[in-house]
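Read through the structure below, which is laid out as structure tokens, and then see the notes.
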Amino acid sequence: MQSVVALDNVSFAWEQLPIVTIRHWRVARGQKVFLYGPSGSGKSTLLNLLSGILRPQSGSIRVLDQDLTKMQAWARDRFRARHIGMVFQQFNLLPYLSVRENIELAAYFSPATPLDQTWLDHILQRLELTNDLLNRKATGLSVGQQQRVAVARALLNRPELLIADEPTSALDTELRDNFLHLLLGCVEETGASVIFVSHDRTLKDYFDLQLDLRELAGAGEASPC
Amino acid sequence: MLMRIASASLFNRRLTVLLTVFSIAVSVFILLGVDHIRNELRASFGRTVSGVDLIVGARTGPTNLLLYSVFRIGNASNNMSWQSFETLSQASEVAWAVPLSLGDSHQGYRVMGTTGGYFEHYQYGGRQPLSFSAGQPFAGEQQAVLGAQVARKLGYEIGDELVISHGTGGVSFSHHDQYPFRVTGILAPTGTPVDQTLHVSLGSIELIHETGGGHADHGHSHEPESITAMLVGLKSRIAVLTFQRKVNQFRDEPLLGIMPGVALSELWQMMGMVERALALIALLVLLASLLGMTTMLLAALREREREIAVLRAIGAHASFVLLLIELEAVLIALAGAVLGYLGLAGLLVLLKDWLSSQYGLYISSLPLSGSTLGYLGLIVGLAALLALLPAILSYRNALSKGLTVRT
């Protein structure tokens with residue numbers, strides 16, 4: 001397997017969502033990609049496509065050599081649960097569940113990977129989350145803690161791909177740097193590839209590769225297809 | 001996990017959820033209450049009188065005669081004469097005839113003048129005769145036989161003395177206190193208005209109503225001038241219609257003879273309209289409360305978009321979201337149904353004695369019968385059906401919007 005993500009001739013257009021067309025894109029195993037995506041650049045459409053929630057009208061989206069466009073909806077959902085971890089800007093947790101239950105959800109939706117308590121304890125420790133936080137309600141945590149819990153959940157099933165969508169934009173500078181260190185440190189252990197979307201270019205130095213989403217996704221916009 | 005998420009999510013919105021549960025509970029309470037009381041009334045009325053072929057009274061409506069003669073509801077507007085009673089009871093078809101004389105009371109319980117034949121011939125339920133739990137029938141004047149509840153509530157025992165009041169109100173200012181009665185017998189409970197009745201001889205009724213002195217001679221029996229109604233048993237039931245015609249065409253005074261079963265079914269026919277109206281209202285109230293629940297679920301959808309996006313991101317299928325909302329609706333409806341059921345059952349237990357002593361209505365406690373379970377099933381099913389609207393809306397959102405949250 002050369003690449004974790006492989007997109008070819010993907011085009012998607014639907015209702016008010018921005019048009020996304022990608023001729024060719026590869027993300028190598030273990031590669032950490034910084035995707036510069038200001039609003040309106042089709043960022044959320046791309047994330048929906050990569051995670052298998054939306055299906056493109058044409059082209060192929062291969063994740064771990066499996067073509068998402070050829071899978072049934074339930075199979076894509078199961079694939080996402082097992083192989084793709086996701087962290088959002090904010091509100092990653094169900095507010096009425098405890099932190100532990102929020103994390104366990106990831107194992108619940110991926111029956112192939114039973115909850116590995118040793119691994120969970122380890123990443124919680126790596127993410128500087130103490131065990132007494134686990135029984136608290138998600139809303140009882142600070143934003144920084146919530147984001148780290150989201151990372152722990154995203155990495156619980158040891159996914160091969162981690163997608164992070166502006167995960168630092170709710171954090172102040174000091175917390176942000178710390179968060180990025182912790183996030184990338186944990187990812188290092190699993191060897192996962194990372195697609196990190198942000199509008200904050202100052203973060204690009206943490207990553208192996210920098211891409212502008214407008215160039216990537218808008219490449220085919222000029223030529224109608 | 002679905003269950004855990006649904007219950008935690010509902011608990012998180014407990015105020016609105018609780019109000020919705022209460023509104024469903026109230027409608028379930030009404031729905032089951034109307035249904036149960038209707039069935040109980042029918043059963044209770046139906047088992048009150050049996051073995052009586054004809055009830056005869058002064059001319060009035062059949063329902064009216066039935067209600068005041070057997071159920072002690074309302075009062076007779078006219079009496080029939082003793083003369084007519086004697087004539088009719090001597091007719092060849094008649095096996096037995098018992099006079100009833102109502103109009104007095106004791107501490108809110110009706111006093112009925114009758115003859116010893118009443119205890120022999122009156123039957124209730126499936127042709128069960130009256131039986132004594134203590135003592136025996138009255139043998140003369142100023143003796144009384146108490147219904148089971150009268151004795152229990154007022155704490156009378158054999159040999160106790162009591163005074164009868166004029167009129168049938170709970171509070172009477174005119175007491176016949178120069179003629180105290182002695183308790184000679186207490187009847188076993190029957191679950192009919194007999195339990196709330198004090199039985200005395202017909203002569204006693206006359207005695208306490210005679211004005212002036214001069215009747216110290218207790219030797220002769222007091223014959224009444226008039227009675228309220230009479231119960232008739234015939235030698236052969238085939239003769240009922242002919243005898244009824246004879247009564248209705250009685251020359252000496254206008255009389256009415258009714259067959260208890262026929263009069264009851266006429267009463268139910270009349271009540272049928274009211275019952276159907278009540279049942280319809282109960283259903284509409286239920287529908288309104290379930291629509292309220294749907295509105296609540298719909299209103300919450302927008303703020304739950306984030307929640308749904310999170311679930312989708314971790315790998316939940318869109319149908320998980322649909323099931324979640326359906327499960328929440330079912331839980332709410334179930335909680336409401338159980339609460340309404342328990343509320344009604346509890347209230348019936350509390351009101352049981354009061355209903356029977358005040359109105360002679362014997363309402364048994366609420367059974368978890370097939371029809372009750374059927375109603376509860378209907379309510380939960382209806383809730384699930386109505387919840388399909390918010391559930392399908394969020395399902396479609398989960399499919400198309402995915403991780404995108406409108407902000």
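Each residue, glycine too, has its Cβ placed from N, Cα and C.
Lifted from TrEMBL, the feature list:
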- B:18-240: domain 'MacB-like periplasmic core' (DOMAIN)
- B:280-394: domain 'ABC3 transporter permease C-terminal' (DOMAIN)
- B:15-34: transmembrane segment (TRANSMEM)
- B:277-301: transmembrane segment (TRANSMEM)
- B:308-325: transmembrane segment (TRANSMEM)
- B:331-351: transmembrane segment (TRANSMEM)
- B:372-393: transmembrane segment (TRANSMEM)
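As a quick check, the transmembrane segment (B:308-325) and the transmembrane segment (B:372-393) clear the bar of 3 or more Cβ pairs under 8 A, pairs 6 or more apart, so the two touch. In the domain 'ABC3 transporter permease C-terminal' (B:280-394), helix, strand and coil residues by DSSP number 101 helix, 0 strand, 14 coil. Long-range neighbours of the transmembrane segment (B:277-301) within the same chain, counting only residues 6 or more positions beyond its ends whose Cβ lies under 8 Å from a Cβ of the stretch, are 13, 16-17, 20, 23-24, 26-28, 30-31, 33-35, 38, 325, 328-329, 332-333, 336, 379, 382-383, 386-387, 389-391, 393-394, 397.
Confidence for the domain 'ABC3 transporter permease C-terminal' (B:280-394), expressed as mean pLDDT, is 89.
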